[in-house]
Amino acid sequence: MFYARIVVLYALLSICSTNESKIKTAQKPVRLFTEEELQRYDGSEVGQPIYMAIKGVVFDVTTGKEFYGKGAPYNALVGKDSTRAVAKMSLEPADLTYDTTGLSESQLQSLEQVFKGTYKAKYPIVGYTSRRVLNEDGSPNIDFKPEDQPNFSVKDEF
């Protein structure tokens, strides 16, 4: 598992740095989260960060713990990729998934607005879900591009 992560990280860095002159030495590595790892950041442990994924992008929503912490109104969204729930503005258990199959055009537009206008604007990106970075067969997704978030620096947890 460790070796596979190193290979994936190397592939991601290779994909993301197509022009060597654009490489910044201060860049931090991209953190890759499996579903099981993301579940550890569900707000249930005091002092542990609270993470939530949307569209495969993992955000640190700890500063909004009054909304996302244990017992808070939106706690159901954290510790997982809640893309569908955000698109539908739903807390139904069936909607707490990354799957966007069958969403209407207006729901997809709402998802994009909330993703950019709320999450990317308010919360730092700490990584990506393995589903966004890897294909179903485990090979690197060559279309993967890290999200641009100029207001924040990448949080290093290694």
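From the backbone N, Cα and C atoms, a Cβ is placed for every residue, glycine too.
The region 'Disordered' annotation in TrEMBL falls on one of the ranges 99-118, 139-158, namely 139-158. The helix, strand and coil residue counts that DSSP assigns across the domain 'Cytochrome b5 heme-binding' (33-130) are 43 helix, 15 strand, 40 coil.
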